[in-house]
């Protein structure tokens, strides 16, 4: 109750005013003591109750939630008995405090016994303390047992005790000084002992108890063949380099001080990967993925349930092509069926789809799965944001009190200091909450990115063939690179969706108190902005969808161009494909431009919104009544509230952008993750089956919506048998292998297996790893077994050639192995895995006859290492068929015959016809020297001649069957076996090859077993030239206009606020005893205020548009320069640069330049302007502030420098560490069938997870360093707030209220402005790293010019086709040995010359030299009198014709593949197709010439692809034709067709053939024999064979030709 003096008493606890005749000191509250006093103090009752109990209440309330958390905490400290000294000290001190408060309680009881009657508070407080400190001791003990090394709950408890204890600390001393003695010595002494112990506990809790952390210890990196994991054990987590956050105390975590060591290290030296810490276990994929998987599986179950209810549901196809004939990705070898065509900028890709299907399709939400998985962490961040938003409104109220204090002449100076200090304390608390909010959001984003990449990777392995049509490697890489990044960046902005309206609503509430109903005018302006920006957001979203689709198309085409660069250079097609990429890029830029302009307009509307709200509110306020006077208090409190509204309004454009991008990305990711998967029931594993492999009535297709490839398949294969699968081209041999693997859809029937599988694909899949690890493939290493397999697969000689032996690093796609070597490594891998069933898809096709025989005898055959295994061998090697236990004959996807060899021959069916075809084609080709093979052929001829009598087939029918096989569209091929030794080459990414001579050169290089060097991050500051280069790309004129606009904007903003300050100080007029406005003066003030605002709006509009347009120019220029440089780079660059690095530049780095840099640049310039304006205004109002600004500027400079150096390098490391993720993914996609077959999916998933975690290791410190910077810079800003308030209090005699309001309101803005300025400036520098990375590859050394002006040969050149090599020498790269040494020979016009030589002789090098793929180191090549080094590359290459060994096609129409330059007419193309024996096939296609070819031409057979290459040659039909083993990898029918066409169509041309089968060049005019890069012999075949001492004679003898 209150007494007559206004004091409030709490009688039950502290007594009444007459209790013991005490004064007001024991009242619960006394205005005279606490408020209206020059030396204020709290009453004793208040100190013994509220100040004593408040910290205790905190601990008890928190314990309600904290104790259950600790008790249920899964982690436990295994070293429980090893209590640390720190833990013991904390506990002992807490016990001492309990004893001390127990003494206080005993003292109160004793006083009661003595009749002194203490107040009830004297009993309650010690009792509350006793229970509370006992609880604290228990929590300290429990935290240690549960492995909690630092506690925020306990730490805050000790802080509160210290802060609230300051009051009695001061009161006791003041009372003793006033009384001249201590009235209660006992409590006086116990209090200060108590306070000292509390201070000691506080100091102890500043440190984390490392002994409480369960099992954290660093270990050395553990290396395994396939993976290099960071292992987990049951009770502990093993870290290579533990993050100091794990051992950081609560205060260190709150302030992010624990990262300071890394930031200092980053300032002293450039950080490297070894400086980075391990990712915390809760952020690793193994922790994030399981929960996300569980939630996503629930959504997928909903999706499956919804779609199963829709009759004949089909997954909605989303077409992304814009060019005619631009296909999606096909099935693995299945025909391309999709013919949908649409435009890339089509906003709704599903607009023509049945609504019922779309409704079912949209069931199952990725957003829901993400929310359920990461929602709790994200909601906690939202709670921090809520606290921050609420506390933000405290400062305007304090400002109100401060202005009133200055204007009123308040006699109590301490109040002013309290207001100033309160501004500082509230600002510090805001900073902590704000940084915790951002940290929580970015950690959530990081985990979302981890989960999304993990989901995409896992899904890619399980995609069925129908899904692969619409999901190329480039598109999926975009999902992993760009879309996952959008989801990482979006979380901090998405909370603004609710925070912005909430903040605006609260601000309007407080503004109502200042301006009354006039604030509704400002609210109207705000509401008016919503539909405008809603419309803009909708348009931006549509453009975002279109831009992402175009980006997918560009990356897909870029991926193909980079993979096929060798072919493009040989055909001189780089320019044509460059134009195709630029065409897509131009459409992408058009969309970007429209989006950028809309974003600029959106930014303007929200940028001006706070001013427009203020103008509308102030204008309405002074207009509605003459008595409404705009005082300093009203003006600047309102202005501070408008500034609070400014943040959500200004951030809304970014919020809209990020929300739209996140929504688009979630849609794209959700669509991909819903793609149909391979059915795990395609193959069943039965342990009780008699047969190892059984197919019952199997019908299989690549897509359930397409025609089956295999029909009515019935097979039973017993254990340990060798079964051969044979048939003509396209009969379905490879498809049968895929069906057994479960890679095809089962239309009907069943596939059953008993045992594990090993798979050797037709095209060998090689990992980017050492050769040894490629073979071991994650299995246990057994040296004896390994050596035996190396010998059996004929790899021992290859290991001697390879520079690092079996430790040689094999590049992407086996870049430094020949086709034969790759196939033998693939076979060795299969053998080493020791599986039960071996699926061998034509593994002998890439090796010569003798090596093939060795492999068959030692590995596959009855006496090989696999003799006890079940082997299913797809082959066309006739000589090995008699040794097979059973033969399956396929014809048009059906089994025509099955049985043992002799039985099938006697049937005189399809098998005997197949054998007859082989023998007829090989009558003139008996080059085998093996006596056994010759005997087999003779026996075959005898049997066939017998069975042929009873065959009902005519020659015409047989021929028809053969020719029809060319056009069957299947994947298989019949390959002819000859005894020629195949050259060992370095196969490039494009499917071409670099001769093995390079290996010998590499062998002598410094890093002999390292082909591809690790990507190196740049160090130090981003060079000024990079910034200058970007500005130049933006165009200098635009930069100057933007700078002028910003200066004008700053001038308008400063003028606006100073004008408002002057306005608020205008004295009102006294009319009839009432204060009213000076109306003319008010109108003038309002008009000028509005003019300043209009100037701000115009300048903002100019600067935003200029930056938007300038950044578009920069995007165009930088991408064009990068593309220009890459397509003109020499092949050596592509041989040593992984595809992932290049794709990373064209995807993520270009996206950063397109999107991130413009947005960051706008915000950085705006915040810089805000900081400069704030400093100018504060110094203008209080010049003494310069004294504070100078030291703070020094501190700011060092903080900024420390941070920038570290952040920049972390960004570089993250960028470098991103490429391996995509390289590994690309490698996985290519080898998916092998990975699944070997059961290595788990290993590859773990490897991907490990790579993602390694990438996040650089990203997480970057996130934390941003928060460290925020805390540091906001502390500087808070100091500025403190001194602005103090100077206002100290200078209240000279400063008017308007200037105080202006100074303090501006200082309140600088906290966030400083932080944003540095963060945006740093983000800009880190984003400019992408410009640096793009420019790095934009400046790679180019090959020679495509055209040389003044030295361009005539259109008819070469007229004759004469070739002269004069003392010619060449090397592959600088620093390597010569591969051709002083070569001299000539080729006469129309002459046919064969080039032969043993492995490493330099044959392919000579071909590459002819096309100037590699440049001369000496000598010259003369063609028809012209030195080829003096003319442009395109002038040369376009005049030569080559049919390469491996046919490479690109996704696009068949016509585009034949004539990318689009200079040939349809008649010419049809003529070429006719001569290439493809016309009949193309005519049968629905789209004819516009038939879509899939990526790599996978929907055409190998033979058809080679015929397309022949058609390309026929279209050119130049005087010089080069054949580089053009028919070595094709079936016999295709070989004959190609040879016949060449003989007739190129009869007048000079032909140079790199020969590997000597019989094909025996009728040539001359033979060039190379040996070790030198000309050994050059003469006619007859002359060379006549001399038995010649190398050629020896080679012919080895081949059995002489």
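Including glycine, each Cβ sits where the backbone N, Cα and C put it.
In TrEMBL this protein carries:
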TRANSMEM  50-71  transmembrane segment
TRANSMEM  92-110  transmembrane segment
TRANSMEM  122-144  transmembrane segment
TRANSMEM  151-169  transmembrane segment
REGION    321-347  region 'Disordered'
COMPBIAS  324-335  compositional bias 'Low complexity'
COMPBIAS  338-347  compositional bias 'Basic and acidic residues'
TRANSMEM  386-406  transmembrane segment
TRANSMEM  412-429  transmembrane segment
TRANSMEM  493-512  transmembrane segment
TRANSMEM  518-540  transmembrane segment
TRANSMEM  644-664  transmembrane segment
COMPBIAS  944-953  compositional bias 'Polar residues'
REGION    944-992  region 'Disordered'
COMPBIAS  973-986  compositional bias 'Basic residues'
TRANSMEM  1036-1060  transmembrane segment
TRANSMEM  1163-1180  transmembrane segment
TRANSMEM  1268-1291  transmembrane segment
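Outside the transmembrane segment (412-429) by six or more residues, the chain places 36-38, 40, 391, 394-395, 398-399, 401-402, 405-406, 1274-1275, 1277-1279, 1281-1282, 1285-1286, 1288-1289, 1292, 1304, 1308, 1311 with a CB less than 8 A from a CB of the stretch.
Counting C-beta pairs under 8 angstroms (sequence separation of 6 or more), the transmembrane segment (644-664) reaches the transmembrane segment (493-512) with 3 or more such pairs.
Beyond the transmembrane segment (493-512), the same-chain residues lying 6 or more positions past its ends with a Cβ under 8 Å from any Cβ of the stretch are 381-382, 385-386, 389-390, 392-393, 396-397, 437, 441, 519, 522-523, 526, 617, 638, 641-642, 644-645, 647-649, 651-652, 654-655, 658-659, 662.
Between the transmembrane segment (1268-1291) and the transmembrane segment (386-406) there are at least 3 Cβ pairs closer than 8 Å, counting only pairs 6 or more residues apart in sequence, which means the two stretches are in contact.
Here the listed stretches are 92-110, 151-169, 518-540, 1163-1180, and the one with the most C-beta pairs under 8 angstroms to the transmembrane segment (122-144) is 92-110. If you look at the transmembrane segment (50-71), the same-chain residues 6 or more away from its ends with a CB under 8 A from one of its CBs are 42, 125, 128-129, 132, 135-136, 139, 142-143, 146, 148, 153-154, 156-157, 160-161, 164-165, 167-168. For the transmembrane segment (1163-1180), the list of distant contacts is 607, 650, 654, 1042, 1046, 1049-1050, 1053-1054, 1057-1058, 1103, 1107, 1186, 1189, 1280, 1284, 1302-1303, 1306-1307, 1309-1310, 1313-1314, 1316-1317, 1320-1321, 1323-1324: same-chain residues at least six beyond its ends, Cβ to Cβ under 8 Å.
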